[in-house]
Amino acid sequence: MQVPVMLLGLLFTVAGWSIHVLAQPDAVNAPLTCCYSFTSKMIPMSRLESYKRITSSRCPKEAVVFVTKLKREVCADPKKEWVQTYIKNLDRNQMRSEPTTLFKTASALRSSAPLNVKLTRKSEANASTTFSTTTSSTSVGVTSVTVN
């Protein structure tokens, strides 16, 4: 009686363990695209929107995949000089188009309404307003702002 119970327990243990191992998604480690050949022609820089590098060991070749403005993907050899030049240009353009975190935070504070506003009036000539705004990463408090 004990042997079948132990075997059943062992079976459930192995089954429980294998569910966790086999349930791991393959897509976590697999790239979305693999390149098996490269374009032989230079793509006009004006048609490109972005790029991604393919460096996975699951793909036969390391590659750069350029994404065109029409959302087409084109494989290119990362060792080619024109590919490296295009990557630098796209990186430079990306840096210009994205505002820095400081500017994003400042504009978010200016454009959003305060979360907690307390208004108090002392007199008509000397009004005092207290604002207390809290965001996920920054806390700004302005107290005793006199408005004439």
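Cβ atoms are placed via backbone N, Cα and C, with glycine included.
Here is what Swiss-Prot says about this protein:
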DISULFID  CYS34-CYS59  disulfide bond
DISULFID  CYS35-CYS75  disulfide bond
CARBOHYD  ASN126  N-linked glycosylation site
MOD_RES   GLN24  pyrrolidone carboxylic acid
SIGNAL    1-23  signal peptide
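For CYS34 (disulfide bond) paired with CYS75 (disulfide bond), the C-alpha to C-alpha distance reads 9 Å.
Around CYS35 (disulfide bond), the same-chain residues six or more apart in sequence whose CB sits under 8 Å from its CB are ILE54, CYS59, LYS61, ALA63, VAL65, CYS75, listed in sequence order.
Around the Cβ of CYS34 (disulfide bond), the number of neighbouring Cβ atoms within 10 Å comes to 15.
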